[in-house]
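As recorded in TrEMBL:
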TRANSMEM  A:6-22  transmembrane segment
TRANSMEM  A:51-67  transmembrane segment
TRANSMEM  A:79-99  transmembrane segment
TRANSMEM  A:119-141  transmembrane segment
TRANSMEM  A:192-210  transmembrane segment
TRANSMEM  A:231-262  transmembrane segment
TRANSMEM  A:312-327  transmembrane segment
TRANSMEM  A:333-351  transmembrane segment
TRANSMEM  A:358-375  transmembrane segment
TRANSMEM  A:405-423  transmembrane segment
TRANSMEM  A:444-467  transmembrane segment
Amino acid sequence: MLFNSFDFFFFLPIVFILYWFVAYKSIKFQNIILLIASYVFYGWWDWRFLSLIALSTLIDYTAGLKIHESKDSSTKKKWLWLSIIFNLGMLGFFKYYNFFIDSWIDLCASLGYAVESSWTLQVILPVGISFYTFQTLSYSIDIYKGKLKPTSNFIAFATFVSFFPQLVAGPIERATNLIPQFLTTRKFTYKTFSYGIKLMIWGFFLKLVVADRAAIYVNAVYNNIDNHDGLSFIAATVLFAFQIYGDFAGYSLIAIGTSKLFGFDLMTNFKRPYFSASVSEFWTRWHISLSTWFRDYLYIPLGGNRVKKPRWLFNLFITFLISGLWHGANWTFVVWGGLNGVYLILEVLFLKKKRKGILNIGITFILINFAWIFFRANTINDAFFIIKRICTVPGRLYIGSGDDITASLYATLAIAILVVIETKKEFFNTAFSISNNKYESVRLFGYAVLIYMILYFGVFGKSQFIYFQF
Amino acid sequence: MVKKEYKLSLIKLGKFLLIFLIVDFGLGIVSKQLFFSQETGKYARSIQAVKNTNAQVLIFGSSHAHRHYVPEVFEKNLNKTTYNAGAEGQQLLYHLAMQQMIVKRVKPEIIILNIDEDFLYYSKEAYDRLSDLHPYYSDYRQELRPILGLESKLVDVKLFFNAYQTNSTIMHVLRYFASPQLDYLGYRPLFGKIEKHSSIINETNKEQDLDDNFVNALYQFIATAIDNDIKLVFVTSPRLNQVDDVNNVSFNKIKNIAKEKEIPLINYFNHKEFTNKLELFHDPSHLNDTGARLFSRDVALKIVK
């Protein structure tokens with residue numbers, strides 16, 4: 001089920017009422033409601049893949065208990081490896097199997113050896129597999145490291161794995177933060193309820209108005225690269241920067257807001273990343289739940305920055321390279337990750353002071369946008385073609401044809417609203433605020449207008465969230 | 001304590017919904033007013049057709065209707081007022097909806113439906129583009145509900161909000177206000193001619209499923225014309241290239257329906273006066289103004305006969 005579908009608008013109130021008004025006396029009953037709701041939410045897309053979530057739940061639940069119970073470190077290790085192999089194996093098979101086979105065939109072909117492609121399989125990528133496998137992996141690893149005690153409450157654990165607001169596109173929660181919330185009483189308060197609704201409204205604005213409007217122009221350009229020149233590629237790339245931000249930050253806000261309706265606190269996933277004055281700062285503001293996951297479970301175990309400098313730089317690079325691969329089974333993502341790694345290495349080598357100021361924000365924005373070209377391009381060759389075109393043939397700015405013209409105008413308008421609001425939050429947070437205004441009528445009126453704008457300017461074509469594919 | 005929180009939330013939610021409905025109503029009036037005040041552009045033409053025209057001859061169809069039928073020529077040859085209600089990119093469901101809304105107010109004498117050979121094949125765009133009808137929903141609920149219901153079962157819920165009814169229309173309003181788009185009783189001519197051309201045969205046969213909703217729409221379009229005593233004529237527009245439609249399931253079905261319901265079908269595919277005549281075409285699928293005038297005159301004379 002998609003957040004931006006009408007199905008969700010019937011689903012959510014039903015679950016809400018069952019949760020707070022029918023099951024309110026028992027945490028266990030509430031968890032069961034959430035568990036069933038989560039399986040329905042996921043099964044709405046394809047019920048067959050529920051078995052993967054169930055299997056993942058079962059294996060990590062057992063592994064968690066066994067790791068904790070065992071006194072013998074080799075037994076602990078065996079159970080940890082079972083969890084790692086199962087989760088990464090599942091991810092590897094569904095997400096990367098064809099990618100590696102195709103890459104191998106391409107490599108052989110480039111060396112002059114023809115290899116038959118009979119190994120390629122018709123594999124459907126289960127939605128959200130990268131998210132929930134990472135979430136459950138962190139559970140086993142934290143228990144192994146002694147940071148967390150396993151829960152013996154199977155229902156609570158199963159709900160933690162499949163919790164529908166963040167199941168398919170994060171934030172990737174840590175067991176240390178989320179599992180205790182499934183084990184304690186959730187209290188309904190007006191404050192969290194209204195805050196949750198506000199986050200959801202803003203999330204829907206980001207998704208339906210900013211991201212989906214920008215997507216029309218971006219797709220028109222990036223999917224027809226032969227027909228466009230440098231200026232159009234620059235415009236499309238900048239719009240893509242806002243598209244992916246609106247899409248993913250929008251999803252995260254809806255997820256966090258929905259969780260609040262049920263009394264849960266999820267971690268913040270985005271902190272106005274385009275106001276970063278360096279790429280390293282960007283990665284503390286963008287997809288925070290993933291960045292910190294890689295930091296804690298890959299970068300630090302590799303030695304982090306507490307090693308010799310060359311090794312430190314290698315750790316940085318490899319972490320970003322793998323992070324790129326996590327995003328998708330395509331070399332474009334690998335290059336995108338690698339490029340970000342290179343940015344960070346250069347910052348380590350040449351920037352001694354913490355950067356600040358508008359100029360640095362501008363430079364960082366350009367660097368990030370340059371990397372987005374690889375992220376969005378359909379192939380590596382497309383990305384290089386686009387870069388070459390930007391550098392050599394500025395040409396004419398495509399403004400769309402027919403209804404496409406208005407699409408880019410809507411996108412520009414929506415982005416302007418977003419930039420004004422985020423600038424105000426970033427630099428003038430104490431100034432006039434609608435969401436925190438002391439007058440209730442101003443707050444209510446402000447959000448009513450925002451919903452009106454979503455319905456008036458939004459795109460309602462059941463568009464998917466980009467991060468679903470990861 | 002908890003009950004107090006529920007009560008507070010419910011009251012605040014109620015307040016919020018009330019304010020939202022007021023906002024939706026107030027801004028909805030403004031956006032509807034803006035929408036229906038358009039004087040040029042695609043929406044202005046549909047408004048003219050639905051709300052204003054009293055033309056005796058009405059033309060329906062996609063871009064082929066919009067670009068090929070010159071009302072002035074029909075008026076001269078048929079001696080009847082004519083309006084071109086053709087709409088670019090639109091298909092049968094849209095034309096049916098337009099017909100239903102128009103006959104509620106006025107009964108034209110003749111309706112010409114320009115037939116595209118693929119009209120009955122499933123097309124996602126045909127459903128998606130029904131959103132152009134949303135602004136009419138509050139005034140024509142009875143006529144539009146069955147058609148828009150094919151696009152979404154929750155049509156009543158979605159279109160309850162004025163904001164959604166006029167979704168994505170404001171830029172059109174501003175665009176055509178800033179840069180008016182001229183038309184001549186709904187017709188917009190194309191100019192220029194094709195310079196180079198290699199004579200080929202366009203095969204329109206496809207292995208594709210027919211959409212039952214489109215078949216039913218065609219039947220309903222015919223039934224509405226018959227019930228309202230309106231003469232209905234099907235016409236196919238000329239193409240530059242020869243057309244091989246022998247195994248086009250959609251077109252064969254349309255021909256059979258026309259025969260079954262005794263609707264005249266004037267077929268201009270492979271018409272010797274137009275095929276391979278570069279000077280009459282703007283592109284291989286669309287006539288230029290010269291071609292459109294010649295075609296309109298020909299069709300009008302055939303109708304007179």
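Note: Cβ is positioned from N, Cα and C throughout, glycine not excepted.
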Folded-back contacts onto the transmembrane segment (A:312-327), same chain, C-beta under 8 angstroms, at least six residues removed: 96, 130, 290-291, 294-295, 298-299, 302-305, 333-338, 340-342, 344-345, 348-349, 375, 470
Does the transmembrane segment (A:51-67) reach the transmembrane segment (A:119-141), going by 3 or more CB pairs under 8 Å (6 or more apart in sequence)? yes
Which sequence positions outside the transmembrane segment (A:192-210), separated from its termini by at least 6 residues, show Cβ-Cβ distances below 8 Å to it? 3-4, 242-243, 245-247, 249-261, 263, 410-411, 414-415, 418, 435, 447, 450-451, 453-454, 457-460, 465
Sequence-remote partners of the transmembrane segment (A:119-141) [C-beta within less than 8 Å, at least six residues beyond its ends]: 42, 45-46, 49, 52-53, 56-57, 60, 63-64, 67, 79-80, 83-84, 87-88, 90-91, 93-95, 97-98, 101-102, 148, 150, 160-162, 166-170, 172-175, 179, 290, 293, 296-297, 326, 468-470
Most Cβ pairs under 8 Å with the transmembrane segment (A:231-262), selected from A:6-22, A:79-99, A:333-351, A:358-375, A:405-423: A:358-375
Please report, as numbers and ranges, the same-chain residues at least 6 past the borders of the transmembrane segment (A:79-99) whose CB is under 8 Å from any CB of it. 52, 55-56, 59-60, 62-64, 66-67, 70, 120-121, 123-126, 129-130, 133-134, 136-137, 140-141, 144, 325, 329-330
